[in-house]
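> In case it's useful when we look at the structure, here is the feature table from TrEMBL:
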type     : residues                                                                                       : note
ACT_SITE : CYS263                                                                                         : active site, nucleophile
BINDING  : ASP30, LYS35, THR86, THR122, GLU155, LYS266, ARG331                                            : NAD(+) binding site
BINDING  : PHE152, LEU153, ARG154, GLU155, LYS207, PHE252, LEU253, HIS254, ALA255, GLY256, GLY260, LYS324 : substrate binding site
DOMAIN   : 317-418                                                                                        : domain 'UDP-glucose/GDP-mannose dehydrogenase C-terminal'
Amino acid sequence: MRIAMIGTGYVGLVSGACFADFGHQVTCVDKDAAKIAALCRGEIPIFEPGLDALVATNVKASRLDFTTDLAGPVAEAEAVFIAVGTPSRRGDGHADLSYVYAAAREIAASIRDFTVVVTKSTVPVGTGDEVERLIGETNPSADVVVASNPEFLREGAAIRDFKFPDRIVIGTSDERGRKVLGDIYRPLSLNQAPLMFTERRTAELIKYAANAFLATKITFINEIADLSEKVGADIQEVARGIGLDNRIGTKFLHAGPGYGGSCFPKDTRALVKIAEDHDAQLRIVESVVTVNDNRKRAMARKVAHALGDNLRNKTIAVLGLAFKPDTDDMREAPSIPLITGLRDMGAKVRAFDPASMKEARRELPDIDYCDDAYSCAEGADALVIVTEWVQFRALDLPRLKRIMKQPIVVDLRNVYRPAELEELGFAYTGIGRSQA
Ligand SMILES: NC(=O)c1ccc[n+]([C@@H]2O[C@H](COP(=O)([O-])OP(=O)(O)OC[C@H]3O[C@@H](n4cnc5c(N)ncnc54)[C@H](O)[C@@H]3O)[C@@H](O)[C@H]2O)c1
């Protein structure tokens, strides 16, 4: 099967490389000439474990290539995937669909034979209808089916998620469209991955409902964590105690500084707007958005509290900047409001992240970036763990204690056991653990 992937970001590059690995012929297209030039040189523009080897293997086997020219690959393709960004529209929280619609118009102009145009980007309900209308308007003779195939991969585990998905959702009622997408995903359905065929609008809503549910689960446990602190309970045990109930499940029950990333914040906001547009208020999701935004801002106050509510001339060492481990993605990362808040309160901030410091410099240009966890902690008044990279799980604690100015640890991911740190002489603050 010949596939054109429009947009070569986290989703487009991973999906394109995985489709090529299934044996399809894939061309990844992007408007960003620097990104395509890097890929053509064999460089991977994002940090995603295993992606470099997967791309290299498939380029070598001549199944995967990269270009800025959309017309050629689209004319040749049996399926064209749209995997461009759908960020929050400035000011109002709606999904910004300008990249999707621009791509749809460009695709329309280049379509030759029967083609399935698939939105993989996360798009509001009804976007497929508009993509279909735009293609018909631009190229009335184009023989196309427009389908929805939302993507559920997680950054940091993207290849595994793509190759071993919990389900694949295909939204189209057209038989030709179902056949082409069924063939593309055959290697996975042969491997027992459930392929769910549904209507296009239903597929579009499934993606937002899934993300909103997961964001709700995180926000729920974060609020229970706050209560745990007040009543003297331990949120780690509360989460385990409820998560072992099969109806609840243990995943997405890790209390922390609030969710961030390229998906949950913008997708929950967009879902609230979709509902408003259709006169169907989603009060739970509205609350999740507000509670999470407030929580991210409150984390700087939590750190200040651990230092006696005075950060003037204090040096804070921040470990982890990316919104989660195993990615360099800084979009809406909790580290950003945290560090901004710490600086507003007069602190000097130093930081270290194994992958995201290049990205972070754009968002946070005025802090000191360090080479490793220990140079970051040297002389600091407090150490704050923001992202739970595996290398922060086994720090040399006695060494940290020796090099820090004050042995204060604020662990926003509950990586360490309070008793262990207290025994070593640290003042420890976690999330949802009694501060008594
Ligand atoms: N990142 C994730 O973990 C994830 C997971 C599931 C779904 N999604 C969804 O997938 C979509 C893409 O997300 P992403 O994180 O890969 O975005 P991204 O910003 O990393 O990549 C998007 C790419 O599209 C390119 N682009 C924009 N317009 C183009 C055009 N007309 N022609 C060619 N290229 C164009 C951009 O240059 C950019 O490289 C979004 O809708 C997102 O919500 C993301």
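From the backbone N, Cα and C atoms, a Cβ is placed for every residue, glycine too.
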> Using only C-alpha positions, which one of LYS207, LEU253, ALA255, GLY260, CYS263 is spatially nearest GLU155 (NAD(+) binding site)? These are the recorded positions in the record.
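The answer is CYS263.
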> Validating a neighbour-count step here. Other CB atoms within 10 A of the CB of GLU155 (NAD(+) binding site): how many?
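The Cβ of GLU155 (NAD(+) binding site) has 25 Cβ neighbours within 10 Å.
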> Rounded to an integer, what is the Cα-Cα distance in Å between ALA255 (substrate binding site) and the residue listed as 'active site, nucleophile'?
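Pair distance, Cα basis, whole Å: 18 Å.
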> Where's the emptiest Cβ shell within 10 Å among the binding-site residues LYS35, ARG154, LYS207, LYS266, ARG331?
ARG154
> To the nearest whole angstrom, state the Cα distance for the pair ASP30 (NAD(+) binding site) and the residue listed as 'active site, nucleophile'.
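Their Cα atoms are separated by 20 Å.
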> Sequence order is fine: just name those recorded positions in PHE152, ARG154, LYS207, LEU253, GLY260, CYS263 with a Cα within 10 angstroms of ARG331 (NAD(+) binding site).
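Of PHE152, ARG154, LYS207, LEU253, GLY260, CYS263, within range: GLY260, CYS263.
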> Taking only C-alpha atoms and a 10 A limit, tell me which of LYS35, THR86, THR122, LYS266 are near LYS207 (substrate binding site). These are the binding-site residues.
THR122
> Over all shown protein chains, what is the count of other CB atoms within 10 A of the CB belonging to ALA255 (substrate binding site)?
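The Cβ of ALA255 (substrate binding site) has 26 Cβ neighbours within 10 Å.
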> Do you see any of the binding-site residues LYS35, THR122, LEU253 whose C-alpha is within 10 Å of CYS263 (active site, nucleophile), and which ones?
THR122
> Please go through the binding-site residues LEU253, GLY260, LYS266 one by one and keep those whose C-beta falls under 6 A from any atom of ligand 1; give the result in sequence order.
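From LEU253, GLY260, LYS266, counting a Cβ under 6 Å from ligand 1 as near, there are none.
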> I need the most crowded of these recorded positions: LEU253, CYS263. Count other C-beta atoms within 10 angstroms of each C-beta and give me the top one.
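When each Cβ's neighbours within 10 Å are tallied, CYS263 leads.
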